[in-house]
Amino acid sequence: MSTMAVVERRKEDIPSAQLVKKEVVYETNGLNVWYGEHHALKHIHLSFYEREITAIIGPSGCGKSTYIKTLNRMIELIPNVRLEGEILYRGRRIFDTSYPVEQLRTQVGMVFQKPNPFPKSIYDNVAYGPRIHGIRDRRRLDEIVEKSLRQAALWEEVKDRLHENALGLSGGQQQRLCIARCLAVEPDVILMDEPTSALDPISTAKVEELMGELKTKYSIIIVTHNMQQAARISDRTAFFLNGEVIEYGETKTLFSRPADQRTADYIAGRFG
């Protein structure tokens, strides 16, 4: 499938409320990724907008997680990987040698599929990033920890046990702690790779509610296998298949009136 075949929504298909001009946060132009001889991503062209939740859906092995790892250059940690094309974060080429990867990963946070708190106290988990960036004042750290835990909807549950080991939290609490840890360095974008797949339904609902609150300040890009989740929480959705973007558009329209038969078949559960 050629790049030009990716389905684009016509303006008349999108409600006027969705046509408000928004700042582009990320642009991907002609991105190709290979693992050795395996062509994992093929000619990806996508743009993401500020203060929106964008969902990336598709069957296992379609390239979703590979793609999200390119956005903060974690892909470079994988042996024998090769990239071609361009990714711009707020107009700046992220693979440019003048752009320190540490700076990019401060601006673009990442929350993984499995909660991965450090084997430290709840407080030290959240304070870790600010300390790395040179903040030592205890009062300032206290403020950051409380603010981040409040933003992650966790403060009331842990405020009396901040110095207990974070590994003693439930799975859902650990994932919200990881979100708080991400927020503590004040990122611009939050990447989430299957953030609720290991959680129970109640914890999943809390994280989804949290994402809705966070998008008033942050841009969120989430990879999910859960189509119902994508439909519930996202503003836009990209459907990946075999390393290609098949369709990308406003979520309500993509789910109710998909323009490509492969999208319709996937949403209907005919494969995947």
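Placed from the backbone N, Cα and C atoms, the Cβ positions cover glycine too.
Positions annotated as ATP binding site by Swiss-Prot, on the basis of sequence analysis: GLY58, PRO59, SER60, GLY61, CYS62, GLY63, LYS64, SER65. What Swiss-Prot records for 20-267 is domain 'ABC transporter'.
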Neighbour-count leader, CB within 10 A, binding-site residues: GLY58, GLY61, GLY63: GLY58
Listed binding-site residues (SER60, SER65), ranked by Cβ neighbours within 10 Å, top entry: SER65
For GLY63 (ATP binding site), the three-state class that DSSP assigns: coil
Under 8 Å by Cβ from CYS62 (ATP binding site), counting only residues of that chain that are 6 or more apart: PHE240, LEU241, ASN242, GLY243
Long-range Cβ environment of LYS64 (ATP binding site), under 8 Å and at least 6 residues apart: ILE56, ILE57, GLY58, VAL223, PHE240
ATP site shell beyond GLY58, PRO59, SER60, GLY61, CYS62, GLY63, LYS64, SER65, criterion: Cβ within 8 Å of Cβ centroid: PHE240, LEU241
